[in-house]
Amino acid sequence: MGAQQVADRFAELYGARPEGVWAAPGRVNLIGEHTDYNDGFVMPFALPHQAVAAVSRRTDGVLRLHSADIDGGVAQLRLDDLAPGGDHDWTAYPAGVVWALREAGHAITGADVHLASTVPTGAGLSSSAALEVVIALALNDLYDLGLKGWRLARLCQRAENVYVGAPTGIMDQTASACCEQGHALFLDTRDLSQQQIPFDLAAEGLRLLVVDTQVKHAHSGGEYGRRRAGCEKGAALLGVDALRDIPYDGLDEALARLGDEEDVIPLVRHVVTENERVERTVALLRAGDPRAIGPVLTEGHASLRDDFRISCPELDLVVDTALAGGALGARMTGGGFGGSAIVLAEATAVDTLSKTIEEAFTAAGFTSPRVFEALPSPGARRLV
Ligand code: GAF
């Protein structure tokens, strides 16, 4: 989706050229799943798929929103009427950001917005964070708010948590706002410190496939919240602020202390081992050994499937088929209950692997997956 095309459509809709055009990407999480709301480590990278927004300011307290991807006309909202809760449609993401900015004391007086996104929705690739971050960045620049990086991400997370009502962590918004081309973002979600880890798989003769199972995780809200509540219960039972505080070498002792809390034990085990897997992945990439991260990704999938219990038959089929076909590693990515898996493989193997995965889906009677190659791409930025 080109900036020019989005700006032209804005002009058709609103009768004037936009003041600017911005982009914010979706993400793939390489490793570190369901660790962000436990103050843990994550390691996403930005996709080339992005939300693009053409935006101009208004001075009359009105927000007009239009999306190229949704049937329907221009939605018109009064800023003073924006309030969390209630039945929300897609406009909740941009409107929630405006609400969060105003709540934080920023004097937003209105905006006209036209959006177009290439991030697949319901695929676990952060289409909603891309929408939030692109609007936040546009308003930041137009209203000169001085927000950057994780501060921008925090406001977007507040829009999602409070306005939309999804109890998500900080990873997706930070990934969209802060990732850099050719790098994965090693993020400590406790203090939000970041390290850009070079992640140039092509130079190593490797590829990373994203396999969107087309299973929409529409019902993940309740399940996601239940996993989060279980983790918080585990932290409370163990007397720590967050599961991040349980060291990997203290895991057995922590699990023993949980006695017969059968619902909490596997959740704690996943989070503690997953944090260790992120650290191991970072160490292997720093040591220049990207092939060695394959088994770490696969371990992560087993933990999400067996302990966190958020996989599904389609995701497991991708992983099993990819590994049987010689992939170096594979795992589900994102919130789970559907969405996408990633497959790390030798460049020479990806065509055959894609075909084998598609055949396995047909044989199982599943909807055909969408398979594409993921290159670590730039984070949010102004285009025009
Ligand atoms: C979703 C959430 F939005 C993230 O905050 C994160 O918890 C992820 O699921 C799981 O790692 O994408």
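Cβ coordinates come from backbone N, Cα and C, glycine included.
The substrate site in TrEMBL is built from E33, H34, T35, D36 plus one of Y224, Y248, namely Y224. For the recorded site, S126 (ATP binding site), the DSSP three-state label reads coil. Checking the binding-site residues E33, H34, G122 against ligand 1, the ones with a C-beta less than 6 Å from an atom of that molecule are E33, H34.
Take the mean position of the Cβ atoms of E33, H34, T35, D36, Y224, the recorded substrate site; other residues of that chain with a Cβ within 8 Å of it are G32, Y37, N38, G40, V42, G169, M171, R227, V271, E274, G335. DSSP assignment over the domain 'Galactokinase N-terminal' (9-57) gives 9 helix, 26 strand, 14 coil.
Within 10 Å of R27 (site 'Transition state stabilizer'), judged by CA to CA distance, lie the following binding-site residues from the set H34, G122, G124, E160: G124.
L125 (ATP binding site) sits 16 Å from D36 (substrate binding site), taking the CA atoms of both as reference points.
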